[in-house]
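Taken verbatim from Swiss-Prot:
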BINDING   8, 9, 10, 11, 12, 13, 14, 15  ATP binding site
BINDING   56, 57, 58, 59  GTP binding site
C-alpha cells in the first residue's frame, strides 16, 4: 500500500496537492488525526492501495517523538511518501487577505499575521521530517500540480481520459463537449440504398467512407489538431476531454469518424472511449 502524507502551512496549497492525488486514484482524507492513520490503513487494506491524508497544525501531537513513533509504526508493507508545502509569511498574509478565510490558529486576541508566524513555528519540526519540501510562494496551482505529479510519477503529465462521442444534430448537441466537429459536409452513406439501414460501425459503411479522400483528410486534420494541443491540455489539470462529432442523424458519418479517431489515439498513452449517442438510444 502506498501512503502519501501532505502537510504544510495553511494557505500553502495542501488542498491543491490533495486534488492532484485524488485525480491520480488516491483515496484522500483531509485533516485526519495521526493516531487514526493505522486503523484507516487496516480498514482500506485490499480495497484501496493508494491512500493520501493531509495533516495540519490542528491534528499534530504535542511532542515530536510521538509523531516519529506514529510514522514508524505503520502497517507492514506501507510505502510512505510525504510532502511539506510552505510559503513566505508575506504571501500567506496576502492569500488570506484576498480569500478572507479564517486561519486555523486565529483567535480573538491573535492577529492574522501572528497566527501565520505561530503556525510556522509549530510546524518547523514536522517540515524537517518530510521527504519533499515545496515552496509555493511563486507557484500557481498548475505549477504546484505539475511538481506533485513530477515527484510521484516522474512526469508532469497525467493520464487524460479522451472521450470521442458521435451524435446527430437533429437530436440536439451534447452539452459536455470540449471540442465539437460538424461532419455534415462529408459524403453521406444515407443516400446509398444498401447502406441506409446500416451504421458507421458496419464494414460496408466503413469501406464507403474510407474511399472518400475528403473523409480521410478531415480525420487526419482533427488528429493533427488534437496531437498538437493535447500536451498543453494535459498540463491544464484536465482529467477528461470530450470530442463530439456530429452529422445529421448520428448513424453513419459521425460514428465512423469517432471510431477512427478513437483507434488512432488508442496507443497506450491515453485512456480512450468511443460512445455513439444515437446508437445507444436506438438500443434502449
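Numbers here mean position along the shown chain, with the first residue as 1.
Placed from the backbone N, Cα and C atoms, the Cβ positions cover glycine too.
Sequence features annotated in Swiss-Prot and their locations in the structure.
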{"residue": "8", "record": "ATP binding site", "contacts (Cβ under 8 Å, 6+ apart)": "14, 56, 83, 84, 85, 86, 123, 127, 134"}
{"residue": "9", "record": "ATP binding site", "contacts (Cβ under 8 Å, 6+ apart)": "57, 85, 86, 87, 92, 116, 119, 120, 123"}
{"residue": "10", "record": "ATP binding site", "contacts (Cβ under 8 Å, 6+ apart)": "56, 57, 92, 103, 104, 119"}
{"residue": "11", "record": "ATP binding site", "contacts (Cβ under 8 Å, 6+ apart)": "87, 92, 95, 96, 101, 103"}
{"residue": "12", "record": "ATP binding site", "contacts (Cβ under 8 Å, 6+ apart)": "85, 86, 87, 92, 136"}
{"residue": "13", "record": "ATP binding site", "contacts (Cβ under 8 Å, 6+ apart)": "85, 87, 134, 136, 139, 141, 144"}
{"residue": "15", "record": "ATP binding site", "contacts (Cβ under 8 Å, 6+ apart)": "30, 54"}
Practice problem: Starting from the Cβ centroid of 8, 9, 10, 11, 12, 13, 14, 15, which together make up the recorded ATP site, report each further residue of the same chain whose Cβ lies within 8 Å of that point, ordered by sequence. | Solution: 56, 85, 87, 136
Exercise. Select one residue from 14, 58: among these binding-site residues, choose the one with the most other Cβ atoms within 10 Å of its Cβ.
Key: 14
Quiz item: Just how many other Cβ atoms lie inside 10 Å of the Cβ on residue 56 (GTP binding site)?
Solution: 19
Self-check item: Cβ neighbour count within 10 Å of residue 57 (GTP binding site)
Solution: 20
